[in-house]
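For 1-23, the entry in TrEMBL reads region 'Disordered'. Look at TrEMBL and you will find 1-10 tagged as compositional bias 'Basic residues'. The compositional bias 'Basic and acidic residues' feature in TrEMBL is assigned to 11-20. Feature annotation from TrEMBL assigns transmembrane segment to 32-53, 65-87, 155-178, 184-202, 258-281, 301-321, 356-378, 384-402, 414-435, 441-461.
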Amino acid sequence: EKNRKKMGKGKSHDPKDGKRKEKAKMHLKRNIGYVDGVSFIIGSIVGAGIFVSPTGVLKHSLLNVGVALTIWTASGLVSLMGSLCYAELGTALPFSGGEYSHIKRGLGSLPAFIFIWTSTFTKPASNAARALLFAEYATQPFYGICPAPEVLKKCLALAVLWSLGILNGCSVKMAAWVQTVFTLLKMMALSVIAIGGIVLVGGRKESLARFEDAFSSEIPNASQIAEAFFQGLYAYGGWWSLNYMAEEMKNPSRNIPLTVMTAVPAVIVFYLLVNISYLTVLTPKEIVSSVAVAVTWADRVIPSVAWIIPLSVAVSIFGALNSSMFTLGRLSYAGSQSGHLPVLISMLNVHSCTPAPAMIFSTTIASIFIIPSDLIMLTNYFGFSAWLMIGLTCASLIVLRYREPHLHRPYKVFLPVPFVMVAMSSFLVLAPIVWSPNLQYVYAFLFMLGSLIVYLPFIHFKLHFAFLDKITCHLQLLLEVSPADESTESKCE
């Protein structure tokens, strides 16, 4: 209350002024439309993987072309089922925070806190890895066959992180515009690969033979198919991103399901076409042995402009990083609103109505991971946690169907679908631990359980330190931020 009075100094609060001026409520604005939503989903899914190394599926399929393409399709369909489950939750509960908000509503505060505790560690580390990979591709052309200096790559990665952090913290419209532009650029690059390989060399008999006898090679066993399936699902990761911005979607009841049904099938089609193009130009053995398959493809098909592929990889990573930072800021914002993170993080800038403190918070953590980049390797063992949270989110949908049957649901997914997703998530969580047990998985579980050390005193028993209020007060004044939903005369657009 003391801080609100300070923020109000210099403003007129006379009742007469209140009649002359309509006071706006401070909240996130619905600036994201259908096209922006499609751009964010595609931009989140399509990163460097499809350009650099789509070899995992083919390798674990024992170079069987038919099995590999089937797994690419099946992975896409599983991702589509998951996104449809999320579409129901996003339309029924259009709040920022994605899985966090849905798990909290369906399963309670503790599972939601474990989710945000884990995400606060893993998602910024993932952003740091993307920024470093972008720096790798952006600097390498200037050094030829020599490796670029590590200090240069880290400085560029930090610059990109903070540029995008500031952009997302200043304007949602600008962030959405950047996302749309970079998504169009990466889809153009994928179109070049998809169409180029088929048109230029699609008539070769040896290329066509690979598809006529697609299933003639050795058939992988169940364990190998599961490993290939893991690789395929990893390539589709990011389909869940739209729910993080549900609170900012225009007409979410209509646009969320429509966006999902447009973006995810489009990615499935593009992934299949690009893989077919790779297999048309290169043999399965060449694809598996290639460090960057798209570069090898370009050297064969368009050698005079092969430089366009490394540039496309950098563009694709940049777009995926922008989308990831946008969603991570909304996760921190939602967690703070629920009291699971410091209250300052839930405040909005009084001029732009953006969660600027949340963006600063998530960007700072990602920056810390860049400095000792070997820490990023630890996050590989948290891969199972992503599917654990997807399983909990789909379980939340099932719980809410029975516990809150009268909740308004503009879109309802076929009920067996979330049951399938829960079963699939359970398998994907347990399989890597059972097949390749590693002490690192124990550390990952202990880290997740370590959230109880924070949850019990600060969330459950509401332990509070008065000096934190003073720090919050000064930071609020410095950053020009105000609590959401507070009546104010801000100039929010």
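Keep in mind that glycine also has a Cβ here, set from the backbone N, Cα and C atoms.
Counted over residue pairs 6 or more apart, the CB atoms of the transmembrane segment (384-402) and the transmembrane segment (65-87) come under 8 Å in at least three pairs, which marks the two as touching. The stretches the transmembrane segment (414-435) and the transmembrane segment (65-87) are in mutual contact, each linked to the other by at least three Cβ pairs under 8 Å (pairs 6 or more apart in sequence). Comparing 65-87, 184-202, 258-281 for CB pairs under 8 angstroms to the transmembrane segment (32-53), the maximum falls on 258-281.
Through the fold, the transmembrane segment (258-281) approaches residues 34, 37-38, 41-42, 45-46, 50, 54, 65, 68-69, 72-73, 76-77, 79-80, 83-84, 86-87, 187, 190-191, 193-198, 201-202, 204, 207, 210-211, 235-236, 239, 242, 287, 293-294, 297, 300-301 of its own chain, all at least 6 residues removed from its boundaries and within a Cβ separation under 8 Å. Listed as Cβ neighbours of the transmembrane segment (65-87) (distance under 8 Å, sequence separation of 6 or more from its ends, same chain) are residues 41, 45, 57-58, 98, 210-211, 214-215, 217, 219-220, 225, 228-229, 232-233, 235-236, 239-240, 242-243, 256-257, 260-261, 264-265, 267-268, 271-272, 275-276, 279, 284, 390, 393-394, 397, 411, 413, 417-418, 420-421, 424.
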